[in-house]
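Going by Swiss-Prot, these are the annotated features:
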type     : residues : note
ACT_SITE : Asp132   : active site
ACT_SITE : Asp150   : active site
TRANSMEM : 12-32    : transmembrane segment
TRANSMEM : 43-63    : transmembrane segment
TRANSMEM : 77-97    : transmembrane segment
TRANSMEM : 102-122  : transmembrane segment
TRANSMEM : 142-162  : transmembrane segment
Amino acid sequence: MARTMSKTAPKTSAANGSLAPWLGVALIVILFDQLTKIAVQKVFAYGVAHEVTSFFNLILVYNRGAAFSFLAMAGGWQRWAFTALGVVAALVICYLLKRHGGQKMFCTALALILGGALGNVIDRLAYGHVIDFLDFHLRTWHWPAFNLADSAITVGAVLLVLDELRRVRGSR
């Protein structure tokens, strides 16, 4: 009896549901995020802007809230609420990575978001706040300071949108 050959390509470990490649991406994000935060804390005094270009400063600031310092002055409970939210998000993302491991752009996006979320969770647990230091501005108008974890979350979110647009266009 002849064995029939499958016409599909062999599945990669990511396609088989392995979390390892995606957790590796998240770990790289966490490492770069934490190393930059450690360096900034060692080099800069709190709140002192260091001009890099006419539109970009490095400045050590603490964010006790969420994005754009949302709920930063809420009295302390937000530390634990945003930590719990980050942990729940990480668990959901791990489930999605395991379930959709073969979808490279989707999983890359999720891995970036995972790394960013956990980078900020580490800050909340270790310091009670998130360390921010990237300050873009136009004259006197400053975008809220952020960090590499926030950047990874943003890039991941953009990739999710692009992946969905590509998927929808491909199904037409």
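Backbone N, Cα and C atoms are what each Cβ position is placed from, and that goes for glycine too.
Keep in mind that this is a model prediction, so the values were computed, not measured.
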Distance [Cα-Cα, Å, rounded] between Asp132 (active site) and Asp150 (active site):
9
In the same chain, who gets a Cβ under 8 Å from the transmembrane segment (43-63) while lying at least 6 residues past its ends?
69, 72, 127, 129-138, 145
